[in-house]
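Enquirer: First the structure, then my questions, so here it is.
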Amino acid sequence: LSFHLITTAVVIAAGFFFGITRTEWIVIILCIGVVIAAELFNTAIEKLVDLVSPERHPIAGQVKDIAAGAVLVCAVAAAIIGIIIFLPYLS
């Protein structure tokens, strides 16, 4: 989560620096919200799995991996959107 918060700060600073449009801000804020929400859901799922299955179990591990995979998908999609938004400002 701390990585996502640092990335959020950098993206927001870049948005102000480049003067992105209102629509671009909306998309950026939605991306940030989705990634942070996914991370929070992942944390909740991990805590719940630990509660109901304190011993190691293959299915418990799979559930945690799937939740982490969902965060990765959201983060990669947000990164691609960020590249699409910021790349024109860099050229």
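Using N, Cα and C of the backbone, Cβ positions are placed for all residues, glycine too.
Predicted, not measured: the structure shown is a model, and the values here were computed from it.
As annotated by TrEMBL, active site, proton acceptor applies to Glu39. Annotation source TrEMBL lists substrate binding site at Glu39. Annotation comment: TrEMBL describes Glu46 as divalent metal cation binding site. Taken from TrEMBL, the feature ATP binding site applies to Glu46, Glu55, Arg56, His57, Lys64, Asp65. Taken from TrEMBL, the feature transmembrane segment applies to 25-45, 66-90.
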Enquirer: Who are the long-range neighbours of the transmembrane segment (25-45) in its own chain, taking Cβ under 8 Å and residues 6 or more past its ends?
Expert: 1, 4-5, 8, 11-12, 15, 63-64, 67-68, 70-71, 74-75, 77-78, 81-82, 85
Enquirer: Determine, to the nearest whole angstrom, how far the Cα atom of His57 (ATP binding site) is from the Cα atom of Glu39 (active site, proton acceptor).
Expert: 22
Enquirer: Within 10 Å of the Cβ of Glu55 (ATP binding site), how many other Cβ atoms can you find? Include all protein chains, please.
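Expert: Excluding its own Cβ, Glu55 (ATP binding site) sees 5 Cβ atoms within 10 Å.
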Enquirer: Inside 10 Å of the Cβ of Arg56 (ATP binding site), count up the other Cβ atoms and send me the figure.
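Expert: Summing over all protein chains shown, Arg56 (ATP binding site) has 7 other Cβ atoms within 10 Å.
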Enquirer: What whole-number distance in angstrom separates the two most remote CA atoms of the ATP-binding residues Glu46, Glu55, Arg56, His57, Lys64, Asp65?
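Expert: Greatest Cα-Cα span of the listed binding residues: 16 Å.
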Enquirer: Taking the Cβ of Glu39 (active site, proton acceptor) as reference, which residues of that chain separated by at least 6 in sequence fall under 8 Å from it?
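Expert: Non-local contacts for Glu39 (active site, proton acceptor): Leu1, His4, Val71.
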Enquirer: Between the Cα atoms of Glu55 (ATP binding site) and the residue listed as 'divalent metal cation binding site', what distance do you get, rounded to the nearest Å?
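Expert: Checking the Cα atoms of Glu55 (ATP binding site) and the residue listed as 'divalent metal cation binding site' gives a distance of 13 Å.
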